[in-house]
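What follows is a set of notes on a single structure, which appears directly below.
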Amino acid sequence: MVNEARGSGSPNPRSEGSSSGSESSKDSSRCSTPSLDPERHERLREKMRRRMDSGDKWFSLEFFPPRTAEGAVNLISRFDRMAAGGPLFVDVTWHPAGDPGSDKETSSMMIASTAVNYCGLETILHMTCCQQRPEEITGHLHRAKQLGLKNIMALRGDPVGDHWEAEEGGFSYATDLVKHIRTEFADYFDICVAGYPRGHPDAESFEDDLKHLKEKVSAGADFIITQLFFEASTFFSFVKACTEIGISCPILPGIFPIQGYTSLRQLVKLSKLEVPQKIKDVIEPIKDNDAAIRNYGIELAVSLCRELLDSGLVPGLHFYTLNREVATMEVLKQLGMWTEDPRRPLPWALSAHPKRREEDVRPIFWASRPKSYIYRTQDWDEFPNGRWGNSSSPAFGELKDYYLFYLKSKSPREELLKMWGEELTSEESVFEVFEHYLSGEPNRHGYRVTCLPWNDEPLAAETSLMKEELLRVNRLGILTINSQPNINAKPSSDPVVGWGPSGGYVFQKAYLEFFTSRETVEALLQVLKTYELRVNYHIVDVKGENITNAPELQPNAVTWGIFPGREIIQPTVVDPISFMFWKDEAFALWIEQWGKLYEEESPSRMIIQYIHDNYFLVNLVDNEFPLDSCLWQVVEDTFELLNRHPTERETQAP
């Protein structure tokens, strides 16, 4: 019977075996569904060519691997913030001393992999042939391919001492590395090489260095990024010289916004460049004033970039960030190249891994934890496209590694305690944390709550459409971790709820997901009888005992869009089977990210443990999206029933 409520133990979903997101991913996906974002299907060199043909200038960013695990967490946060500005790609340098090809969280390979898979950034991995045998390089390239990296910057690398000594049987020049990549991997990788506007410091002459650059391009390099320089005329002369010897691939200027006296000296020493005297004259008197130097560096970089862009010779700008963001962001904003409000291709964060290019459907439960979803589905061979399909046994990997640097909270323990409470005295203390997260107001100790275990980011813009309702229910112990308002045919360009191409319309069913007590659930089930034909619900405890009225455990589309010349796209679903995988993660976060802040057996730890053990996870969907959402009334009716005398209520335990 449709909408017949039923309870069960656990649907016994399995976490290993199948490698797709549904029982038969080939049957349930339609790979012919037109892509909402053509760039997802293009190689980097194709994106560049399309931008060059249209005259649409771009920017890109360089980062280096951090030295510590904490630095890795901070760098991933920086990736996420800078991704909002719309870089065409980022690149990650290769540090031989840091075991760059390993699986360490601070290695070049892992940082680049994280940028691609978990931050959705087109990424170039630097690779050097210095002190590496060809078989080692081949191994690194195979690993890069496996991790979803499709772009390599081929470099010779710097010698450990003062003089270059080739590895026995190894390569002596970047040209050799480019040839090796093309021989072993054909056209799989897009290859970038370095250009030196004043010539490489080890080259016999500028002309000799240009000859080597031409050899790298002839061997298969797709584009060039230059070393930093300080005057536009230096770059113009370099491009002219390249053109004269037949180099026709894109040449991107390397831009270094001066951010401090010490960092400038170090970079100049490494690159063996001479700083123009007019720049020295400005910097020397203010060398101890970091703010003044940074402001001057921004002004200088903006002026240089404008001259480059106005020349018509520059398709894009490549920034050496030194893992800092303020100066580069300010330069890009002043140039008008920073995208303040980027158009979302889909309502959730994308991965740039090639095998996920067709993916356009996900369960809503991971909306605020996209990195976790990507991690748990990383072993799938295919991804749902067009519709979620009959998901009778999705193979979600188990999430036990909460310590992984790309899944950890961006806030250190001390900050989390200030936000969530040095000491909890009751369940109501927990309610207050949720309330302050939603309100944005400081807590009783004067600290703002900027994250929760289930959401490490600021509130989504659409939350503002139901902020007062959310505040009201959280004060009552409806601890919301995910929600969306109902939307009926809003333009896809809407700044709050829009997504997808221009000219479309987006729709949403109201959705509410929360933790609450057993007593509240018992009253809620009584109230839901009145809304049986309108509201779908799924209620589960930490042990997996659950009750739902989802018809035949079928997925329910809760977000969809209609766009010119395309089929309906439904990128977000409420899938009852996937919910049972999500509930394990959702409950575990109480302990892993909140409870473990406190000493074992402490009152604060015991309060979190009690909620983990006794509360239920609930999701509600209001199917009547054209009408005002009834979910708030459902909650109000629930508490009205709770406030009656017990003899007036008929209870039904789940």
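Each residue, glycine too, has its Cβ placed from N, Cα and C.
What Swiss-Prot lists as NAD(+) binding site is GLU62, PHE63, PHE64, PRO65, PRO66, ARG67, THR93, TRP94, and the listing cites similarity to another entry. GLU62 (NAD(+) binding site) carries a strand DSSP state (E or B). For GLU62 (NAD(+) binding site), the same-chain residues that are 6 or more apart in sequence and have a Cβ closer than 8 Å to its Cβ are VAL90, ASP91, VAL92, THR93, GLY254, HIS318, PHE319, TYR320, THR321.
Residues annotated as FAD binding site in Swiss-Prot, with similarity to another entry given as evidence: 93-94, HIS126, 156-158, 173-174, TYR196, 200-203, ASP209, LYS216. Proximity of TYR173 (FAD binding site) to non-local residues of its own chain (separation of 6 or more, Cβ distance below 8 Å) is seen for CYS129, ARG156, HIS212, GLU215, given in sequence order. According to its DSSP assignment, TYR173 (FAD binding site) is coil.
Annotated substrate binding site per Swiss-Prot: ASP158, GLN227, TYR320, ARG324, in sequence order, evidence recorded as similarity to another entry. Taking a C-beta cut-off of under 8 angstroms and a sequence separation of 6 or more, GLN227 (substrate binding site) has the following same-chain neighbours: ALA194, GLY195, TYR196, PRO197, GLY254, SER271, LEU273. The secondary structure of GLN227 (substrate binding site), as reduced to three states from DSSP, is extended strand.
Classification of THR463 (S-adenosyl-L-methionine binding site) by DSSP places it within a helix. Sequence annotations record features per position, and here Swiss-Prot assigns S-adenosyl-L-methionine binding site to ASN455, ALA460, ALA461, GLU462, THR463, THR480, ILE481, ASN482, SER483, GLN484, THR559, THR572.
Summarising the annotation, Swiss-Prot assigns compositional bias 'Low complexity' to 7-23.
Swiss-Prot lists SER10 (among others) with the feature phosphoserine.
Under the heading phosphoserine, Swiss-Prot lists SER18 (among others).
The phosphoserine feature in Swiss-Prot is assigned to SER19 (among others).
Annotation comment: Swiss-Prot describes SER20 (among others) as phosphoserine.
Summarising the annotation, Swiss-Prot assigns phosphoserine to SER22 (among others) and lists similarity to another entry as the type of evidence.
Residues or ranges marked as phosphoserine in Swiss-Prot (evidence: similarity to another entry): SER24 (among others).
Positions annotated as phosphoserine by Swiss-Prot, on the basis of similarity to another entry: SER25 (among others).
Among the features that Swiss-Prot reports, phosphoserine is placed at SER29 (among others).
Taken from Swiss-Prot, the feature phosphothreonine applies to THR33 (among others).
Look at Swiss-Prot and you will find THR93 (among others) tagged as phosphothreonine. All protein chains considered, the CB of THR93 (NAD(+) binding site) has 21 other CB atoms within 10 Å.
Residues within less than 8 Å, Cβ to Cβ, of SER102 (phosphoserine) and separated from it by at least 6 positions along the same chain comprise MET109, MET110. Annotation source Swiss-Prot lists phosphoserine at SER102 (among others).
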In three-state DSSP terms, the structure that ARG67 (NAD(+) binding site) belongs to: coil
Farthest-apart CA atoms of ASN455, ALA460, ALA461, GLU462, THR463, THR480, ILE481, ASN482, SER483, GLN484, THR559, THR572, residues recorded for S-adenosyl-L-methionine, distance in Å: 20
DSSP state at LYS216 (FAD binding site), helix/strand/coil: helix
Nearest recorded site to PRO65 (NAD(+) binding site) by CA-CA distance, among recorded positions ARG324, THR450, THR463, SER483, THR559: ARG324
C-beta crowding around THR559 (S-adenosyl-L-methionine binding site), within 10 angstroms: 26
Residue from PRO66, ARG67, ALA203, ILE481, SER483 whose C-alpha is spatially nearest that of ARG324 (substrate binding site), among the binding-site residues: PRO66
